[in-house]
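Per TrEMBL, the features are:
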- 1-22: region 'Disordered' (REGION)
- 36-104: domain 'RNA polymerase sigma-70 region 2' (DOMAIN)
- 136-188: domain 'RNA polymerase sigma factor 70 region 4 type 2' (DOMAIN)
- 188-232: region 'Disordered' (REGION)
- 221-232: compositional bias 'Basic and acidic residues' (COMPBIAS)
Amino acid sequence: MTVEPPGVRTRDADREETDAQVIERSRDEPELFAALFDRYADAVHRYAARRLGPEAAEDLMAETFTTAFQRRHSYDLSRGDARPWLFGITTNLVSRHRRSEARRFKALARVPEPVEHEEPVADLAVARAGATGVRRELAAALSGLSARHRDVVLLVAWADLDYEEAAQALGVPVGTVRSRLHRARSRLREALGGCDPTGPADPGRPADPADPAHARSGRSRRSDSFREADTP
């Protein structure tokens, strides 16, 4: 059976097998696990590069899939989408390099702007910044977050997980994700002059018109301040 070739955003594509089915079959036929790598390696690599830099991304991606392969027998097959599991593993691996990540964001915050901008500071946060898409203001704001707050923000913004998926990735209740994200958003808005870079509301949660974080819905409208320069 041929698994449909993946892209970065494969979960919306029609394909014959879910991730869970691939993992289940790979328990008896280990070589089939390569399909999961094909589907998500690019996305995991990009997430790792944003967090620890391009130099560390390749090793982090490889370790993510090696760990996932070793743990495939314990995967919850009721979860058809393996992205939360994979990004949870990557985030766990990032936790071994907290100091490196903090130094990275602090260093990015000190990098001079390459060109002059006429836009206000809040708008500067939505422009590109090299391969990582992190501007000085955003990098400084991220470096000021605690590790657990930074994890949940970046799983939602850079791994494109919703609240429930982020909760699965971190192994915490959905309510914990919401409370951490609320605190993180408040701190980021304060640091970015009122700009909320975390994008849309939780798709499973009714929009609150009093909360600026819920003013825009849908993953496709996530704020560009958290997008890297996705185009090659």
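Positions of Cβ are set from backbone N, Cα and C atoms, glycine also.
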Q) How do the residues of the domain 'RNA polymerase sigma-70 region 2' (36-104) split into helix, strand and coil according to DSSP? A) 59 helix, 0 strand, 10 coil
Q) Over the domain 'RNA polymerase sigma factor 70 region 4 type 2' (136-188), what is the model's average pLDDT? A) 91
